[in-house]
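Q: Handing you a structure now.
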Amino acid sequence: MASPQGSRPPLEFGGPLGAAALMLLLPATMFHLLLVARSGPARLLGPPPYLPGPEVLWSPQMLLLWLTWLGLQAALYLLPARKVAEGQELKDKSRLRYPINGFQALVLTALLVGLAVCAGLPLGELPEMLLPLAFAATLTAFIFSLLLYLKALVAPASALAPGGNSGNPIYDFFLGRELNPRIWSFDFKYFCELRPGLIGWVLINLALLMQEAELRGTPSLAMWLVNGFQLLYVADALWHEEAVLTTMDITHDGFGFMLAFGDLAWVPFTYSLQAQFLLHHPQALGLPMASLICLMNAVGYYIFRGANSQKNTFRKNPSDPRVAGLETIPTATGRQLLVSGWWGMVRHPNYLGDLIMALAWSLPCGVSHLLPYFYVLYFTALLVHREARDEQQCLRKYGLAWREYCRRVPYRILPYVY
């Protein structure tokens, strides 16, 4: 719900200065990771092996390929959905409708890619195109964010996000002014949240696996694990696509550069870092260690999925037998706060599962380099920051009930530690 005039939330991310810095730092970090992953030393904290010139980054063919990918995912988005879900209530008391067909898009993409590979598509060459593709995605994100900002200038006040209408153009461009920018029924934020980036991530992983098979005769066990773990994560997100409608990204944050760049560029080209590293720095992995890593990923997934499913079931129907016996705290809004089950253990058990899985994705890369553990370090910082933002929003929304919940559940993510 958008904040009324005069009660805007405080500026986040360091205000306009922080927003400007992040708009430079995030793309620079992404290109740094792409460059060092393929270098011999693969130093996370060292300089890149070289600075690519415009002739390396800019390619009209790669821009066309990237736009074709976005067009394909948009076409799959518009196909008839197995279900249409309603979002959260907006300021004007209306609810937007969203197609639940993300998993269908993943399956159809897999079929189309499979047919194309059988017809001779050299998917294994995709890893050599990552730099110009990442540049095309970054350029697209900047232009898209500008168009979204201009569109939001003529949007009604009721359509604005709580934090993106500060009046500062740099900050609002970064955070996003409009909460749910749409053209007819096509929701740009919802589309970008899970489709092009997540499906593109597993496609890049697959291409890296295929190139490793071409180079070494067969993919390594480490590469298989990374591909399998991350495919499970993406498939799970798309299978439970409806759950994204209650997340902070959809209900609170506007759609600006932060989410546009994150969804379209950062996710596919940075989250595939482990597979990129393994292609250029193969790691021997024995079955005993692989089994332990699989167990760790399974534990993380069990916590992540169990916590999210419990929360989503309770939100849909508090009388459901699976959650009816859980203890709750009433709030002034009429909603209940879970204070038992997964949500009585820590305040964000889904984040705990996420972090355990993140570590399991990095361990197949060995321990000789810090680079493949960038995702764990980044994701820890991201979730701690997100958790702090969520705490402030919940305190404003639930007041004394949230204070009581924090008293009953003192640990935020990791029991007895944080």
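Note: Cβ is positioned from N, Cα and C throughout, glycine not excepted.
Not measured: the values here are computed from a predicted model.
For reference, TrEMBL lists these features for the protein:
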- 17-37: transmembrane segment (TRANSMEM)
- 57-79: transmembrane segment (TRANSMEM)
- 100-123: transmembrane segment (TRANSMEM)
- 129-150: transmembrane segment (TRANSMEM)
- 255-273: transmembrane segment (TRANSMEM)
- 285-304: transmembrane segment (TRANSMEM)
- 355-379: transmembrane segment (TRANSMEM)
Q: When you scan the chain for residues with a C-beta under 8 Å from the transmembrane segment (57-79), skipping those not six or more beyond its ends, what do you find?
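A: Here the qualifying positions are 99, 101, 104-105, 108-109, 112, 129, 131-133, 135-137, 139-140, 186, 191, 195-196, 199-200, 264.
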Q: Determine which residues of the chain contact the transmembrane segment (285-304) at the Cβ level, with the cut-off under 8 Å and only residues 6 or more beyond its ends counted.
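A: Same-chain contacts beyond the flanks: 220-222, 225, 229, 232-233, 236, 342, 349-350, 352-361, 363-364, 366.
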Q: State the non-local partners of the transmembrane segment (355-379) in its own chain: residues 6+ outside its ends, Cβ under 8 Å from one of its Cβ atoms.
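A: Non-local partners: 33, 36-37, 42-45, 221-223, 225-226, 229-230, 233, 270-271, 273-274, 277-278, 281, 283, 285, 289-290, 293-294, 296-297, 299-301, 303-304, 413.
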